[in-house]
Amino acid sequence: MAIKKLDDGRYEVDIRPTGRNGKRIRRKFDKKSEAVAFEKYTLYNHHNKEWLSKPTDKRRLSELTQIWWDLKGKHEEHGKSNLGKIEIFTKITNDPCAFQITKSLISQYCATRRSQGIKPSSINRDLTCISGMFTALIEAELFFGEHPIRGTKRLKEEKPETGYLTQEEIALLLAALDGDNKKIAILCLSTGARWGEAARLKAENIIHNRVTFVKTKTNKPRTVPISEAVAKMIADNKRGFLFPDADYPRFRRTMKAIKPDLPMGQATHALRHSFATHFMINGGSIITLQRILGHTRIEQTMVYAHFAPEYLQDAISLNPLRGGTEAESVHTVSTVE
């Protein structure tokens, strides 16, 4: 730790601005706030003397990761997951010094992960986590070099195949489910919620036939109206968590039995995709769907646009065959008098 509390109640700053092999600076203070201020002042002035070239930051990535974890990571909802992604990068790249994290190193990392069969989308998420870590360190004035990840081109991602349930399959699924698993399925089919978002709902999240999903993927709450029948079924006379007996592994097995050809990894999103697909088939607005699903970009929602009844219908009436199977007769009109 850069700052530790001593037995006499004081706080000691113990830092090496250029890394574990650099000059060691120690100072004791009566108040923790003074220790924190001194630490930031020392790091800033060591790295930011305008009349001198900035010294190379020789701190290892693992050391910077620990600083980030203590500062912010351990307080984030997905902190442990993000830490795991950063540690994978650290291991594959042999724990480089900060100045060694270059575009070349990142390209080598991406190539290694691809050779391991890791999808581009997963690799991009790894880089996003590392980028977020450096952003947090820079904002806290604990890192003064150039952001090593910013500007790095992400890998091109393949559009995932989306599977959805037909009306007949939905009927079979609901007939095969019971208890909280069935209630969650009905809620997801009614709102487009992710399984995890629904599973964490509490009774107080449903007011006047409106359900507010608090623990969302984007960390932004969203509210979706539901019918009175659905509200009564899932929340009537309940307190605390609405679905304490939900069993996702069991639900997944039932889903695979009903829809064996479901694309790999789509079981948890099949209900969400089914909602969005039928919403568009029934003439829903793509903008409204974006808001219901909580997508930050309309491009995410456009994958469902082709299910709309009127989608590109002009292709039928305006093509050369006019919707028929033979070319129409062409009459040439003479303009010679």
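Backbone N, Cα and C atoms are what each Cβ position is placed from, and that goes for glycine too.
Using a 10 Å radius centred on the Cβ of R194 (active site) and all shown protein chains, the other Cβ atoms total 20. Sequence annotations record features per position, and here Swiss-Prot assigns active site to R194 (among others).
Of all Cβ atoms in the protein chains displayed, 13 besides its own lie within 10 Å of the Cβ of K217 (active site). Among the features that Swiss-Prot reports, active site is placed at K217 (among others).
In sequence order, T162, R194 make up the list of same-chain residues 6 or more apart from H269 (active site) whose Cβ falls under 8 Å from its Cβ. Taken from Swiss-Prot, the feature active site applies to H269 (among others).
Residues within less than 8 Å, Cβ to Cβ, of R272 (active site) and separated from it by at least 6 positions along the same chain comprise C188, G192, A193, R194, L293. What Swiss-Prot lists as active site is R272 (among others), and the listing cites sequence analysis.
Residues or ranges marked as active site by Swiss-Prot on the basis of sequence analysis: H295 (among others). Residue environment of H295 (active site) contains 17 other Cβ atoms, counted within 10 Å of its Cβ in all protein chains.
Annotated active site, O-(3'-phospho-DNA)-tyrosine intermediate per Swiss-Prot: Y304, in sequence order, evidence recorded as sequence analysis. Cβ-based neighbour count (10 Å, all protein chains) for Y304 (active site, O-(3'-phospho-DNA)-tyrosine intermediate) stands at 24. For the recorded site, Y304 (active site, O-(3'-phospho-DNA)-tyrosine intermediate), the DSSP three-state label reads helix.
The domain 'Core-binding (CB)' feature in Swiss-Prot is assigned to 59-138. Remark: secondary structure over the domain 'Core-binding (CB)' (59-138) totals 63 helix, 2 strand, 15 coil, with classes taken from DSSP.
Per Swiss-Prot, domain 'Tyr recombinase' is recorded for 160-317.
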PLDDT averaged over every residue in the domain 'Tyr recombinase' (160-317):
89
How long is the line from the C-alpha of K217 (active site) to the C-alpha of Y304 (active site, O-(3'-phospho-DNA)-tyrosine intermediate), rounded to the nearest angstrom?
19
Reported as an integer number of Å, what is the Cα distance between Y304 (active site, O-(3'-phospho-DNA)-tyrosine intermediate) and H295 (active site)?
12
